[in-house]
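Take a look at the structure below.
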Amino acid sequence: MTQPIVRSIPLHVVSNDHPSSSPLQPGVKQSGEDKIGRSPVQFADVPVLRKPSWIRVRIPSGNAVQSLKAKLRENRLVTVCEEAACPNIHECFSHGTATFMILGEVCTRRCSFCDVAHGRPKPPDPEEPISLARTVAEMGLKYVVVTSVDRDDLRDGGAQHFVDCIAAIRQSAPQTRIEILTPDFRGKGRMDRALDILAACPPDVFNHNVETVPALYPNVRPGADYQWSLTLLKRFKAQHPQVPTKSGIMLGLGETLDQVQATLRDLRAHDVDMVTIGQYLQPTSHHHPVLRYWTPDEYKALEEYGMALGFSHVASGPMVRSSYHADHQAKEAGLGFNATVSLGSPAVSSTEHRERHTIASKSASKTESIRHR
């Protein structure tokens, strides 16, 4: 078995002496140092670990990436692939696919792992659901993933906008299966309101990422609550037992194997059907450092452990991300649909399509690694 690359690095909680700035204007982005520098948790003087060979990503040739970006901009859509600096962007874009974000490009949270900008979001764009649905229909997509930034400024956390997008896609592309990757809808009464709204038009797959083990939440997901996320997943499943539920975690933030296994058990105990496990990669030097690169053998062992717990599907590997090959995760988990996708070229079989990805809508949310709230 390949030996893991491990480094124990102390993280420092420091006083926030970052100079105060004027009130944020709607839509103005804080990223990198501007975003993380205002967090009470700082990562000072942390050396960068050398990436192992299994983390390398091949950059494909051709102009497919630029072509898809142009199409997205034409429809005023933004992908999480771009906003969260996903390492799989070239593979996915070169095959004409992406994961769309809705509800803007500015997040109300300051998660230390995520490269999505922080700030004061603009009001939801009422035209976005139609733009998204039109793009999905034009591209002939059979499976889409819709995610968002956290919208703590909205009474329903953005749930109604998710439903509007689901309804618009089903109107324009009725054969398309829809997975939503939601924030946690945390706040007084917000989860209740969000679940009531989603009940009117539930997705085909409901995804919410716990992101990491509970002990690391103060450093990794300030503003979030581990048990709250588990409760959201369980309550949605109880409300919609026929809809597969899904969650994801990142590795390399300082967690132990026992903690990861305990988190997998927690997810299964809260009726989660599918899980993704992938390596965290540091977006910038200001973000949470990578404290360990887990090996391919360890990811394989976690996949086997998860399947033994009763998950219908476990996607575990260094480059696995929450929406990466989401269509095949859903299909292998028993969600029946034709995974063939037409993107203006000859149809691709499900087997050939395994090297492709998925799609969803505007704005920002998830993370450089797995994203997900």
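Placement of Cβ uses the backbone N, Cα and C atoms for every residue, glycine included.
Residues or ranges marked as region 'Disordered' by Swiss-Prot: 12-36 (among others).
Feature annotation from Swiss-Prot assigns [4Fe-4S] cluster 1 binding site to Cys81, Cys86, Cys92, Ser323.
Taken from Swiss-Prot, the feature domain 'Radical SAM core' applies to 93-312. When averaged over the domain 'Radical SAM core' (93-312), pLDDT in the model lands at 93.
For Cys107, Cys111, Cys114, the entry in Swiss-Prot reads [4Fe-4S] cluster 2 binding site, with the evidence type sequence analysis.
Residues or ranges marked as region 'Disordered' in Swiss-Prot: 346-373 (among others).
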(request) Could you find out if DSSP has Cys114 ([4Fe-4S] cluster 2 binding site) as helix, strand or coil? (result) coil
(request) Would you count the other CB atoms within 10 A of the CB of Cys114 ([4Fe-4S] cluster 2 binding site), including those on all shown protein chains? (result) 33
(message) Rounded to a whole angstrom, what is the C-alpha distance between Cys107 ([4Fe-4S] cluster 2 binding site) and Ser323 ([4Fe-4S] cluster 1 binding site)?
(response) 19
(request) For Cys107 ([4Fe-4S] cluster 2 binding site), list the number of other Cβ atoms lying within 10 Å of its Cβ atom. (result) 31
(message) If I take the alpha carbons of Cys114 ([4Fe-4S] cluster 2 binding site) and Ser323 ([4Fe-4S] cluster 1 binding site), what is the distance between them in whole Å?
(response) 15
(message) Please report the distance from the Cα of Ser323 ([4Fe-4S] cluster 1 binding site) to the Cα of Cys111 ([4Fe-4S] cluster 2 binding site), rounded to the nearest angstrom.
(response) 19
